[in-house]
Structure formats: structure tokens, C-alpha cells
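Undergrad: Annotations for this protein, taken from TrEMBL, read as follows:
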| type | residues | note |
| --- | --- | --- |
| BINDING | His113, Asp136, His138, Asp140, Asp224, Asp226 | Mn(2+) binding site |
Amino acid sequence: MKLQISKNNFLNLDDSHANLKSSRVVIVPFGMEHSVSYGHGTAKGPEAIIRASHEVELFDEELKCEPYKKIGVATLKAEKIASDGEGAIEQVREITSEILSINKIPIILGGEHTLTAGVIQAMAKKYQDITILHFDAHADLRDSYLGNKFSHACVMRRCLDLKNVRLVQVGIRNISNEVEDGAEYDFWEKNQKRIKTYWAKDGFDIANKEFIKSLGEYVCISFDVDCLDTSIMPSTGTPEPGGFSWYEVLKILRIVGDSTNVVGMDFVELSPVKNSIASDFLIAKLIYKAISYCI
């Protein structure tokens, strides 16, 4: 497949820093919305993030540079998304595989969390072992939800169907155990060799050596915006109180970038609210910080 570059790009960069040939990062807008179960609107997430990114200051006062200049950030044109969940997962898998084949780092903008299944299918083919660093309020380990195995509530279970995938979760504060959905908590308990969960209620020690060791060599970050506290991130479909602050997330991202190889990312479940731009801007700036720390 041919990757089509958009002029309406993330960070509003000029062509010299946003072309496919020289950029290390490729942004993929993918507003999949097939299985949302509470608040709606995540299909509009990519557009809102890109629009907000045009207002992000390109100079980073912490790093004392303009990181995009040494990295390069290309943005693909948004494609029409398949009308069924499995088709959309296959679509994002193909796009991710194509980006990986030219040795670029894909960053997918959702859209609902289900899309991560396609991203990880592509990653698991390229890398012998891959760890998902999963920022979320929810464990997402159901086997099915409302009769759908490809629901956003099942995405990490689908990723773990692949034997060379491990999961490290941070910010989790919600897990179910309904038998009809596949007994999520029981599955989590029985799979501790492949799943490491840092519960929000326990706090998070950024200097935790076990955390760094658990990440392995190759990491794909999957960032559900509801991992953030609702006081700073109300614009999401399934909000949960008790989440991360801005600086807590930045500290985690920086130590991850310093400690391992981040080979891809996705940012999902932003549901933009009309006339409320703070959440859109927060995620746009967070993505730029993640690129700056991890690439």
C-alpha cells in the first residue's frame, strides 16, 4: 500500500520536517468508533488532536531544544475506516506494517482503543518479543463485552492472544469479573507471568527498578486518555476518578524513553467536547512530549 502524506500535519510543520523520507515518526489519524459503550465522539479525536497541535509551542523548555527538528514527524492522510471492527483492525494492522517496513515509528491517533489490536499484530510480526506499556484506567482484559470479542473493553486480551506479547499496565483502577465476559479478574490472576499491573491505588514509584526491568527491549506505548485524572481529562467516553496528573505521566514517559526502545505508540479514546479545547491541547502536547522523550 502507498502511504499518503497530509499537508494538514501534526504540529503544522513545514515539508522539510514532515516528509516521509526524512521523518523518523509517522502519525496515523485513525478515528475508529465501533464499540464505544458510554460516551461517544472518539471518531473526532484525531482531527481535534491535529488541530490543537498547531498551537503547541515547538521549543521544549525542559529539553532546551526544538525536538521535531532532529526527529521529523510526517502525518498520513486520514483514510476511510472499515465499517466493521475486525475490518478496521486489519486496516490499521496493514498501515502499521507498512510504516514498520520502512523503519519508521508509527504513532496512531484514535479513535477507540480497539485499534491497538491491529497495531500489536503488526509489531508482533516484526519483533520477536514486544511489551505493551498500557496507560489506562481500565484493565481491558475481558474476553468479550456485550457479546463482542473486538470491543474496546477486550483489546488487551486480544493482544495477549499473540504469544510473544507481554503487558505492563499503569494507572489501572477498574477491573471486572463477570463470568459472561470471560472473568477478567480471574484471567489477570492466572496470567501474572505475562501481565504486570501497577494499580493506581498503590501509587507509582518512578524509580521502581522492577518496572524498568519488566519493559524488556522493545516497547509499544498504548495510551488511553482516561488514565489521566478526570480533573484534567474530562473528554473521554469512560471516565474514572483517581487518575494520573500531567507531571506523573511525563516522569514515566521520560524514564521509559531513557531505559528502553520505544518502537510505536497509540493515543486513544479522546472524545472532543464542543467549545472545550483544553483536553485536545493536553493530548496534542503530551504526544509531542512523548515523541521528544522516547524517539
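Note that Cβ sites are derived from N, Cα and C of the backbone, with glycine treated the same way.
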Undergrad: Cβ within 8 angstroms of the Cβ centroid of His113, Asp136, His138, Asp140, Asp224, Asp226: which residues besides those meet this for the Mn(2+) site?
TA: His134, Ala137, His152, Val155, Cys227, Thr238, Val268, Glu269
Undergrad: Within 10 angstroms of the C-beta of Asp136 (Mn(2+) binding site), what count of other C-beta atoms is obtained when all protein chains are considered?
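TA: Within a 10 Å radius of the Cβ of Asp136 (Mn(2+) binding site) lie 27 other Cβ atoms.
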Undergrad: Given the binding-site residues His113, His138, which one has the fewest other C-beta atoms within 10 angstroms of its C-beta?
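TA: Selected from the binding-site residues His113, His138 on minimum Cβ neighbours within 10 Å: His138.
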Undergrad: What is the number of other Cβ atoms found within 10 Å of the Cβ of Asp140 (Mn(2+) binding site)?
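TA: Taking every protein chain into account, the count is 28.
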Undergrad: Same chain only, sequence gap of 6 or more: which residues have a CB within under 8 Å of the CB of Asp224 (Mn(2+) binding site)?
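TA: Asp224 (Mn(2+) binding site) has long-range Cβ partners His113, His134, Phe135, Asp136, Ala137, His138, Asp140, Thr236, Val268, Glu269.
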Undergrad: 10 Å Cβ neighbour count around Asp226 (Mn(2+) binding site)?
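TA: Summing over all protein chains shown, Asp226 (Mn(2+) binding site) has 28 other Cβ atoms within 10 Å.
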